[in-house]
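Colleague: In case it's useful when we look at the structure, here is the feature table from TrEMBL:
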type	residues	note
DOMAIN	3-120	domain 'Dihydrodipicolinate reductase N-terminal'
BINDING	9, 10, 11, 12, 13, 14, 91, 92, 93, 117, 118, 119, 120	NAD(+) binding site
BINDING	37	NADP(+) binding site
DOMAIN	123-256	domain 'Dihydrodipicolinate reductase C-terminal'
ACT_SITE	147	active site, proton donor/acceptor
BINDING	148, 157, 158	(S)-2,3,4,5-tetrahydrodipicolinate binding site
ACT_SITE	151	active site, proton donor
Ligand SMILES: NC(=O)C1=CN([C@@H]2O[C@H](COP(=O)(O)OP(=O)(O)OC[C@H]3O[C@@H](n4cnc5c(N)ncnc54)[C@H](OP(=O)(O)O)[C@@H]3O)[C@@H](O)[C@H]2O)C=CC1
Ligand SMILES: O=C(O)C1=N[C@H](C(=O)O)C[C@H](O)C1
């Protein structure tokens, strides 16, 4: 069966790559795209562009909506898609806990699959999994995520997901000196359950993360680098295929890939 796919954010850095990936996959048919401004009638290959998700769904009937947009738009896109029975595959980051819970309830109510993947690259998923295992033995954790300077959310979705996975194995505790004080606010980064997350934004970067795990006289460093957005494409293909088989909300690709 050919899977009918729509993509939100087709002119973005990720969206462009995803459009090319879906078009060249013979098991998928790109039926439409959702843009914030319709300054073209059609994308190449006569793919219609919509600015209204409702109209896009009613007129082109996709099976799956791939969202690669912005934190301020993605939640509404996902809720609308689920309402229509269209399965979201979401790469966009910046969800609040409340939004994730609301989506989970919506998926349960509609019984329609939804995949939220903070990171589509296999290397990043492995890094998160290895960090989760390591933190059981080395519970002093600092996460340093580094991205291009056009990124709007901080910390990255990958860093948040990494810390959440580590929380499942690490005994909850504060780190550093009990009386430590910041001379400049923010110097110790964000504090998630005692773990510290530091966000670096620089031109020239794509997506990079280090997880530092300290112990007595030792340091374990786990590092992943995406040098090119091609690194995310096989995860998008897998998610489109997998979301068609599921009726639950899947948050993170570790349960699918590993
Ligand atoms: N899960 C993963 O593996 C990855 C996730 N990401 C995430 O994907 C998202 C996109 O990243 P990236 O491509 O770098 O960002 P870009 O800023 O390059 O692209 C975002 C695109 O979304 C469009 N857009 C904004 N609002 C809407 C809307 N309401 N409807 C439709 N389109 C809209 C923008 O159009 P305009 O500028 O005209 O408003 C723009 O073309 C981010 O949240 C990022 O964190 C990125 C890489 C990997
Ligand atoms: O904005 C990006 O570029 C990326 N966003 C995702 C995140 O927030 O973790 C995934 C990847 O790191 C690239």
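Each Cβ is built from the backbone N, Cα and C atoms, and glycine gets one as well.
TrEMBL: automatically predicted annotations, no manual curation.
Please go over these features one by one and say how buried each is and what sits next to it.
Modeller: The Cβ of residue 120 (NAD(+) binding site) lies under 8 Å from the Cβ of 91, 231, 232, 233, 234, 235, 236, 239, 253, each on the same chain and at least six residues away in sequence.
Annotation for residue 37 (NADP(+) binding site): same-chain Cβ neighbours under 8 Å, separated by at least 6 residues, are 51. In the three-state DSSP assignment, the secondary structure recorded for residue 37 (NADP(+) binding site) is coil.
Cβ environment of residue 147 (active site, proton donor/acceptor): 156, 199, 200, 201, 205, 206, 207, 208 lie under 8 Å away, each six or more residues apart in the same chain.
In sequence order, 201, 202, 203, 204, 205, 206, 207 make up the list of same-chain residues 6 or more apart from residue 148 ((S)-2,3,4,5-tetrahydrodipicolinate binding site) whose Cβ falls under 8 Å from its Cβ.
According to its DSSP assignment, residue 151 (active site, proton donor) is coil.
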Colleague: Could you state the CA-to-CA distance between residue 118 (NAD(+) binding site) and residue 157 ((S)-2,3,4,5-tetrahydrodipicolinate binding site) to the nearest Å?
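Modeller: One finds 5 Å between the Cα atoms of these residues.
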Colleague: Determine which residues of the same chain, besides 148, 157, 158, have their CB within 8 A of the center of the CB atoms at the recorded (S)-2,3,4,5-tetrahydrodipicolinate site, and list them by sequence.
Modeller: 93, 118, 119, 145, 147, 151, 153, 156, 159, 207, 209
Colleague: Quick one: which of the recorded positions (91, 118, 151) have their CB closer than 6 Å to ligand 2?
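Modeller: Only 118, 151 qualify.
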Colleague: When the domain 'Dihydrodipicolinate reductase C-terminal' (123-256) is classified with DSSP, how many of its residues are helical, how many are strand and how many are coil?
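Modeller: Secondary-structure composition of the domain 'Dihydrodipicolinate reductase C-terminal' (123-256): 44 helix, 39 strand, 51 coil.
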Colleague: Sort the recorded positions 151, 157, 158 by C-alpha distance from residue 11 (NAD(+) binding site) and give me just the closest.
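Modeller: Comparing Cα positions, the closest of these recorded positions turns out to be 151.
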